[in-house]
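K.L.:
Quick one: this structure, given as C-alpha cells, is what I'll be asking you about.
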C-alpha cells in the first residue's frame, strides 16, 4: 500500500473517531438536561470547602489553628475570612512567657487544678537548653539507642538498669548505647537538692541528659520533644530507638534478635509497642490521667503505652520534624500517637510488650520472660534478678 493511501486511511479513521466522540458527548449532555429539567447548570448552594466550626475544648481549638497554619488550603481560607490577624499573635512555638489569654478563653480556668493551669499557660514553650549533655554518645553509629525516662531521685532504678538490661555493648558491630532523660526537680515540688549526687553520677557513667525544665508528669511530652531534638542533632544515625520508663524490665537480647530479623522495608518506619485503640480522656478527677472537658474532646488516636516502645531512627527524625505541627499534650504517649497520626502512621501492637504486666502465676517463672520485650513494672532488684537468670547458661525453657 502506498504512503498516500495509508495517510488517507488514517485520516478516515480519525474522522470516524471524532464523530463517535461528538455523538457520545451530545447524548450525555441531552441526558443531563433531561434530569435537570431546564437544561441549566446546577450550582451548589453552599461552599464545597469551608472552615468548620471551632471546637469548644481549648486544646482542640488551638490545634485546629495550628492545622490551618500548615495546610495551604486552610491557610488561604483563613486569610480570606480575616482570621489570620487574630492568629498571628498566638501561633508562635517556643513562646515562653505565660499565655495569659488562656485565663479568659478557657471556661472555668480558675477552677482547674494547678497542674492544668501551668500546662496551659506554658503550652507553647519548648525552648529549654541542656544542662547535662553527652555529645559523644553516638560517635560510633548505634544500632540501638536505649532512652530511659527518669527523675533525679531515682538513683537505684538507673543503677539497676545499668547493671542489667541497659548495659552498653558493641558485639558484632551492633553498638548499644544508653541515655537517661531528666528535667529539673525543684524544691517547690518537694524534692531535695541532689544536684551534687547527680553531677557525680553523670561524670562517672556519662549517660545523663538533663534539660532546664520542670520535670513533672504533664511535661513528659515536652521531654519527648526535647529528646527527639537531641536525636536529630546528636544521634541522627542511630538505626533504632527504644524509649521507656525506668521501672520496666526489658529483654534487650530479644529486641536485638527481633530487629535483626526485619526487612529494610519493615524497619524503615517501625513503631511497635502495647498499642491502645479507641481510648479517650478520663473524666474522673481522682485519676492520674484525668483531662477536663474544657481541655480536650474526642477520642485519642492509636498510641503505644508509655511504659516503652521501639521505633526506627529514621522515624525518630520524622517525628521530631512533625512535632512543630502538634501542640503539646498532658499525656506523652498520647502525644506521640498524635504525631504518628499526623505522619499518616499507625503504631503496631506487639505481643512482646506487656505494659500491664503478666499473670501473677507467671511472674516468678523465668521462662515467661524469654519471648517478651518489655514488662511493666519491676523494682530495681527484680530487674537485676530477672536479667541474671536469663543470662544463665543452664537456662532451659
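Placed from the backbone N, Cα and C atoms, the Cβ positions cover glycine too.
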K.L.:
With the ranges 8-28, 29-49 to choose from, which does Swiss-Prot describe as transmembrane segment?
P.N.:
8-28
K.L.:
Given the glycosylation sites 127, 173, 219, and counting only Cβ atoms in the protein chains shown, which has the most within 10 Å of its Cβ?
P.N.:
219
K.L.:
Measure from the CA atom of residue 219 (N-linked glycosylation site) to the CA atom of residue 173 (N-linked glycosylation site) and give the result in Å, rounded to a whole number.
P.N.:
36
K.L.:
Measure from the CA atom of residue 127 (N-linked glycosylation site) to the CA atom of residue 219 (N-linked glycosylation site) and give the result in Å, rounded to a whole number.
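P.N.:
Taking the Cα atoms only, residue 219 (N-linked glycosylation site) lies 13 Å from residue 127 (N-linked glycosylation site).
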